[in-house]
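Engineer: To start, I am sharing the structure in question, which I have written as structure tokens.
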Amino acid sequence: MALLVWQDDLNIGIDVIDQQHRRIIEMLNHLHVAQASMQRAAVGEVIDEVVDYTMSHFAFEEELMEEAGYPFCAAHKRVHEVFIKRVSEYRMRFQAGEDISDELRTMLSRWLFNHIRGDDQAYAEQVKAHLNQFAREHQGGGWLGRTLKRFFG
């Protein structure tokens, strides 16, 4: 499988989320490189990084949706929970000695692209409108800046 390339149709129009999605794609490419170089320890590190980062990303995304009053936030959160469970199962299989790199990378790339193009695009307009309104009311970063700092340092 070749390296993944960011495509314009993956942009949802919320810069911070688009940057996080790009970072996840970079991680998937690191997984490919680690696997190709037969570095099992590096593969494990990337898997851990993907799980940890996506959990933070999901929590951030869910908070944005909740703040914006997105009506399908609970359903979107369930999709995230199922994804985390699935990836955690891959991590356990890897820790048990199984070579899951190809299977995991294929699943992650398909899931991520489909999730961004479908589920994430669905909330984007409502969240953008909320962020724009909030920015007009609270010049200087406010809630978004605090939330970014809380999740990503």
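Cβ atoms are placed via backbone N, Cα and C, with glycine included.
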Engineer: Of GLU49, GLU61, GLU63, GLU98, which does Swiss-Prot put in the Fe cation 2 site with HIS76, HIS80, HIS115, ASP120?
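Structural biologist: Among the candidates, Swiss-Prot records only GLU61 at this Fe cation 2 site.
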Engineer: Quick check for the class: what is the C-alpha distance, in angstrom and rounded, between HIS115 (Fe cation 2 binding site) and HIS21 (Fe cation 1 binding site)?
Structural biologist: 11
Engineer: Determine, for the Fe cation 2 site, the additional residues of the same chain whose CB lies within 8 Å of the mean position of the CB atoms of GLU61, HIS76, HIS80, HIS115, ASP120; present them in sequence order.
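Structural biologist: The answer, listed by sequence position, is PHE58, GLU62, VAL79, ASP119, TYR123.
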Engineer: Tell me which residues of the chain lie with their Cβ under 8 angstroms from that of HIS57 (Fe cation 1 binding site), as long as they are six or more apart in sequence?
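Structural biologist: Looking at Cβ-Cβ distances below 8 Å from HIS57 (Fe cation 1 binding site), excluding near sequence neighbours, one finds GLN20, ILE24, PHE151.
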Engineer: Select one residue from GLU61, ASP120: among these binding-site residues, choose the one with the most other Cβ atoms within 10 Å of its Cβ.
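Structural biologist: Most Cβ neighbours within 10 Å: GLU61.
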